[in-house]
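Per Swiss-Prot, transmembrane segment is recorded for 25-47, 52-71, 111-130, 140-162, 169-191, 201-223, 230-252, 267-289, 291-313, 328-350.
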Amino acid sequence: MHVPIRLLEWFKVEQTLVIQKKKRFGFSQGIGITLLIAIVAKYLAELPFLNIMGQLVIAILIGMVWRAAIGVPHDAIAGTNFASKKLLRFGIILLGMRLNLVDIAKAGPKVLVIAAVVITFTIFVVYGLTKVFKVEKKLGILTACGTAICGAAAVVAIAPQVKAKDDETAVGAAIIAILGTIFTLIYTLLYPVLGLSPYGYGVFSGATLHEIAHVIAAAAPGGSAAVDIAVIVKLTRVAMLVPVAILIGLWFGKSEGSKEKRSWRDLPIPWFIFGFLAMSAVHSLGIIPEVVAGYIVVIAYMLIAMAMAGLGLNVEFKTFRKLGSKAFVAGLIGSVCLSVLGYVLVYALGFM
């Protein structure tokens, strides 16, 4: 009797080991797919037209195409989910190395004013429009914040605050990416007739466009003077992601009517955002050489691109059509309003 029992125990152990090995392989496969997509997206983003879209946008689109054309193995989903959540947060922390708080301070209070005004205005207008078009609440918030602050990075940073699903996050990021690309092309065509100096045009681009890649591409016709100030204005908007994320979390929790008692640990504070600020402070103090900081930013974008790929791999095109059409229209109208406001503020604040 002892032999069969031992054989049964051995069989169970072997079966457990096989299952664990299969899970580890599936996890590694999921991570590998997102890494491959992120690398391909990086090189595609260096091509003449695709550089307008940027690595993050291309990664999420490739992910969606991959799912539609090839599919994602069931065991690999754990890896793609890990990339879209855990690696995302680590990437956002490292992205803080892109931000130099000293440069923002040198730009003066008017830059802070224009950033604060456009963010506040855009969140209210775009979210209001999504309600008019009967867009799902969480997707409406993500669309509003992505338009107002910093595109896909804002969408994925705000998503945990409103408990958004992966498909809502992916659709929100894709909408903002497409809108930003459209408006980048429009800005480039309109630059000669806007009547703005290179400096003023840079402020206008940085204050109103969605992604950093969009801002750099749109400001390029104005030369280095336009690009430099455009990036500073844009990064000022990025810096406001922290307070906006906290406020959105508090508002969403209250609007959902949660009456449970919460400790300070339960406050809707995206703790990884403080890592982002800490990295910004390190960069601002000049502790890390610029060359090293540049490499860290490249790694940050690679990690976030892997997260974008993971999101894309979790959403189908039919889901995008179902959830995204009305949100896209709301974002489009809101982006037009944002552009008009930005243009007016450039003149009103004397940035011409």
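Note: Cβ is positioned from N, Cα and C throughout, glycine not excepted.
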Whether the transmembrane segment (291-313) meets the transmembrane segment (111-130): three or more C-beta pairs under 8 angstroms: no
Result, the transmembrane segment (52-71) in contact with the transmembrane segment (111-130) (3+ CB pairs under 8 Å): no
